[in-house]
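**Q** So Swiss-Prot says this about it:
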BINDING   Lys25, Arg28, His57, Arg74  isopentenyl diphosphate binding site
BINDING   Asp64, Asp68  Mg(2+) 1 binding site
BINDING   Asp64, Asp68  Mg(2+) 2 binding site
BINDING   Arg73, Lys151, Thr152, Gln185, Lys202, Lys212  dimethylallyl diphosphate binding site
MOD_RES   Met1  N-acetylmethionine
Amino acid sequence: MEKTKEKAERILLEPYRYLLQLPGKQVRSKLSQAFNHWLKVPEDKLQIIIEVTEMLHNASLLIDDIEDSSKLRRGFPVAHSIYGVPSVINSANYVYFLGLEKVLTLDHPDAVKLFTRQLLELHQGQGLDIYWRDTYTCPTEEEYKAMVLQKTGGLFGLAVGLMQLFSDYKEDLKPLLDTLGLFFQIRDDYANLHSKEYSENKSFCEDLTEGKFSFPTIHAIWSRPESTQVQNILRQRTENIDIKKYCVQYLEDVGSFAYTRHTLRELEAKAYKQIEACGGNPSLVALVKHLSKMFTEENK
């Protein structure tokens, strides 16, 4: 018979394991491997750091889906629609602390400090994002970018920060991490409202249903202050496909997608420059190139 402790662990982790079996892009692992071109962290430490980052990322997705009232994740039902909200919250929080336990095995005096700081950043960013959405407050582009750096940058910063503790490479990688954090999130925002891959994979334009202020919608709202169409559509939390299609067309008409593509191209170019300044990194360049295909190819 299954031991009681093992059985309890299995039950606790089931929602988390459900999420793990969904197909993912493993971008964070690839990113850590790419940064190791410079940092040359011993393999045993690197594996622990990658595991910790993946654990925190996936646990935060479980919570995100609850906070966003999402229906689908990677084209599958969200964990809380199967296991219920209380179990999923508990499972995700449990995994945060399993991550902390793993960080302790790195056996470095600064590791826990770094872990704590980056998780605080992550929650501060997420809190702002939710506040704007739920109070119908449209942030400026600058406010939005600052929030993204806390939210997306939090986990990027954790992986690379932990790696640097075990590396002789002491260049300041924060500017590059910030560029990549913005690039990833704005690309994600664009994909959610514009890409075929996303509309088949996520419920169509889920960011509109969630009422989320994302990079293209923020541009549309601030560039056409005389119109409140986008705010009103976001406020409705609509699942109506026709309204969502109308909104996407409106974003196209007011130049928000073109502006988003332009911003992504600028961030991409900036990333290449920063990578070069740090001494070059073929695998990181390849990763950025691969992610850029989405917003370059579909507009040829």
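Each Cβ is built from the backbone N, Cα and C atoms, and glycine gets one as well.
On a predicted model such as this, the values are computed, not experimentally measured, just so you know.
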**Q** Which one is it: of the binding-site residues Lys25, Arg73, Lys212, which Cβ has the fewest other Cβ atoms within 10 Å in this structure?
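**A** Checked Lys25, Arg73, Lys212; of these binding-site residues, fewest Cβ neighbours within 10 Å: Lys25.
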**Q** Under 8 Å Cβ-Cβ from Lys151 (dimethylallyl diphosphate binding site), six or more apart in the same chain: what's there?
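**A** Counting only residues 6 or more apart in sequence, the Cβ neighbours of Lys151 (dimethylallyl diphosphate binding site) under 8 Å are Glu121, Leu122, Gly125, Gln126, Asp129, Gln185.
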**Q** Given Arg73 (dimethylallyl diphosphate binding site) and His57 (isopentenyl diphosphate binding site), what distance in Å do their CA atoms have, once rounded to a whole number?
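**A** Rounded to the nearest whole number, the Cα-Cα distance is 14 Å.
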**Q** When a 10 Å sphere is centred on the Cβ of His57 (isopentenyl diphosphate binding site), how many other Cβ atoms does it contain?
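**A** Cβ-Cβ neighbours of His57 (isopentenyl diphosphate binding site) within 10 Å number 19.
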**Q** Return the residue, from the listed binding-site residues Arg28, Arg74, with the maximum count of other C-beta atoms within 10 angstroms of its C-beta.
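**A** In terms of Cβ crowding, the pick is Arg28.
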**Q** Just to confirm: which same-chain residues, 6+ apart in sequence, have a Cβ under 8 Å from the Cβ of Thr152 (dimethylallyl diphosphate binding site)?
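**A** Gly125, Gly181, Leu182, Phe184, Gln185 - these are the non-local Cβ neighbours of Thr152 (dimethylallyl diphosphate binding site), listed in sequence order.
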**Q** Other than Lys25, Arg28, His57, Arg74, which residues of the same chain sit close to isopentenyl diphosphate? List them in sequence order, counting a residue when its Cβ is within 8 Å of the Cβ centroid of the site.
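**A** Apart from Lys25, Arg28, His57, Arg74, the close residues are Gly24, Gln26, Val27, Glu54, Asn58, Leu61.
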**Q** Long-range neighbours only, meaning 6 or more apart in sequence with Cβ under 8 Å: which ones does Asp68 (Mg(2+) 1 binding site) have?
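**A** Listed in sequence order: Glu206, Glu210, Lys212.
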**Q** Rounded to a whole angstrom, what is the C-alpha distance between Arg28 (isopentenyl diphosphate binding site) and Asp64 (Mg(2+) 1 binding site)?
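**A** Roughly 17 Å, rounded to the nearest whole number.
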**Q** As a test of the contact definition, list every same-chain residue at least 6 positions from Asp64 (Mg(2+) 1 binding site) whose Cβ is closer than 8 Å to its Cβ.
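**A** Same-chain residues close to Asp64 (Mg(2+) 1 binding site) (Cβ under 8 Å, separated by 6 or more) are Ser70, Gln126.
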**Q** Run through the Cβ atoms and count how many others sit within 10 Å of the one on Gln185 (dimethylallyl diphosphate binding site).
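**A** So the number of other Cβ atoms within 10 Å of Gln185 (dimethylallyl diphosphate binding site) is 21.
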